[in-house]
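Annotation comment: TrEMBL describes B:Gly150, B:Val151, B:Ser152, B:Arg153, B:Thr154, B:Ser155, B:Lys156, B:Thr157 as ADP binding site.
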2 protein chains.
Amino acid sequence: MRENQHVFICSDAVGETAEAVVRAAMRQFAFTSGKLKRYGHIKHEDEVSAIVEEAARCNGVIAYTLVQPELHGMMREEALRKGVRAVDVLGPMMQAFVDTFDDTPKRLPGLNQTLDAEYFRKIEAMEFAVHYDDGKDIRGLMLADVVLIGVSRTSKTPLCIYLAHKGVRATNLPLVPEMRVPDELMKRRSGLIVGLTMDPDKLLSIRSERLNAMGLPQGSRYASRERIEQELAFASGIMHEIGCEVIDVTNKAIEETVGIILSRFPAERERRRVT
Amino acid sequence: MRENQHVFICSDAVGETAEAVVRAAMRQFAFTSGKLKRYGHIKHEDEVSAIVEEAARCNGVIAYTLVQPELHGMMREEALRKGVRAVDVLGPMMQAFVDTFDDTPKRLPGLNQTLDAEYFRKIEAMEFAVHYDDGKDIRGLMLADVVLIGVSRTSKTPLCIYLAHKGVRATNLPLVPEMRVPDELMKRRSGLIVGLTMDPDKLLSIRSERLNAMGLPQGSRYASRERIEQELAFASGIMHEIGCEVIDVTNKAIEETVGIILSRFPAERERRRVT
């Protein structure tokens, strides 16, 4: 995709779902400097028509999530009339539910952003992750659904944030040979503890970059092979003592590791999350 | 959707995009206790065939993002053969790009989770948001792309986390009448400052719930109408003095407010984010 290639997102809600699909699809093409333009909270048919007009002028593509029948119909008609490719991101999925489950959709915009119990659980989980990050307050070790343990730079913080997005209260504790592991961790009776580990060479390069980014000189113990191996051995010992599952996060994207962690929750909890 | 209604997600990567579409579509139906089952990292055609078989047995629906042609073809054939509705979440979008932009997709799985510059910018932004949250370290006020200011419980922290997901380094500063606003805020020469405000009644109910959740007695000043009005007036004065934009977040989902904030970034930055 090139400079002059435009993708329009058109939604009667926020447009997050359509944007997720557009970005994932874009990734399948060569490096893109294409322009993405998002129109949310569409209310009137003439707004739809104006967006199709704009897309037609610059030979762009449209991705839309319009659940209101008039707006949806207008998009189909106008796109056809003006020869613009417009992809219905939600429609086929909704139709599959209608056909298979014999249910009727509400066709109300913004339901994905409903301020319901699930939404507030997510927000609360985010505040939890921020508040208890990095073992700052060890009470978090008792309160969390999942505790991640590992040496510095094994992606503990972003993992907790991503887990919060799934409604899971996650906290993390850095493992450092010089620091005693709090009793609170050992005393956890319920919930999950997950150890994170990483290839020492990879960790070395991440820590070196980290020093660079912070404008600190290289050659510190923090980013030495010897120290890293010592830390990893210590961490591995603790994980073994606890008997927790250990995930090797080398070359794993956060989303992948989150997927593994979520799959370890009891099925009952998983079901509750889904509803 | 009911207890016995099953939705399968099938991906040769993580399955995040398909899950986003499934969840958005589910929201359009009556309260669901349906079961969602995600199969990621699919590598072989017989795995596809087994998933279709499982879906057929329980009369389920499949949402898939399979970019590898053999797996994609297998899904289409098997779903048709076994009479299972299977929705191709990415295919139509990719096809629209092919047809409009005359480009060829890579058809490699996992590109959405590529550990590239954008990915690391997101991770770094998340760590930034956590580290500088709540004015804990005022250097954040100089380093952030956007600073959110507002009284307690105006969703500053989750907004910063969501902005981090968009690769934006965001921090926040609580406004409290008894606390001096740091010079660092006033001295910001570049980047955005956004004020958050809320209807006092709504804020009152949120703060009361907060006290409840923390097991604290009601009737404190924190959750009194008088105090809230005093705080909001103080905050409004500061925002006026700075001359920043003010967003009323009453009844706005985080995603909506994030959309407004992002739309205030210069177009150049927006473009960079998209690529």
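In case you wondered, yes, glycine gets a Cβ from its N, Cα and C as well.
Features as recorded by TrEMBL, highlighted on the structure.
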{"residue": "B:Gly150", "record": "ADP binding site", "Cβ neighbours (10 Å)": "26"}
{"residue": "B:Val151", "record": "ADP binding site", "Cβ neighbours (10 Å)": "24"}
{"residue": "B:Ser152", "record": "ADP binding site", "Cβ neighbours (10 Å)": "16"}
{"residue": "B:Arg153", "record": "ADP binding site", "Cβ neighbours (10 Å)": "21"}
{"residue": "B:Thr154", "record": "ADP binding site", "Cβ neighbours (10 Å)": "28"}
{"residue": "B:Ser155", "record": "ADP binding site", "Cβ neighbours (10 Å)": "22"}
{"residue": "B:Lys156", "record": "ADP binding site", "Cβ neighbours (10 Å)": "27"}
{"residue": "B:Thr157", "record": "ADP binding site", "Cβ neighbours (10 Å)": "24"}
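When secondary structure is read from DSSP and collapsed to three states, B:Val151 (ADP binding site) falls in the coil class. Proximity to chain A, defined as a CB-CB distance below 8 A, holds for none of the binding-site residues B:Ser152, B:Arg153, B:Thr154.
Neighbours of the ADP site: apart from B:Gly150, B:Val151, B:Ser152, B:Arg153, B:Thr154, B:Ser155, B:Lys156, B:Thr157, residues of the same chain with C-beta atoms within 8 angstroms of the site's C-beta centroid are B:Asn172, B:Pro174, B:Leu196, B:Met198.
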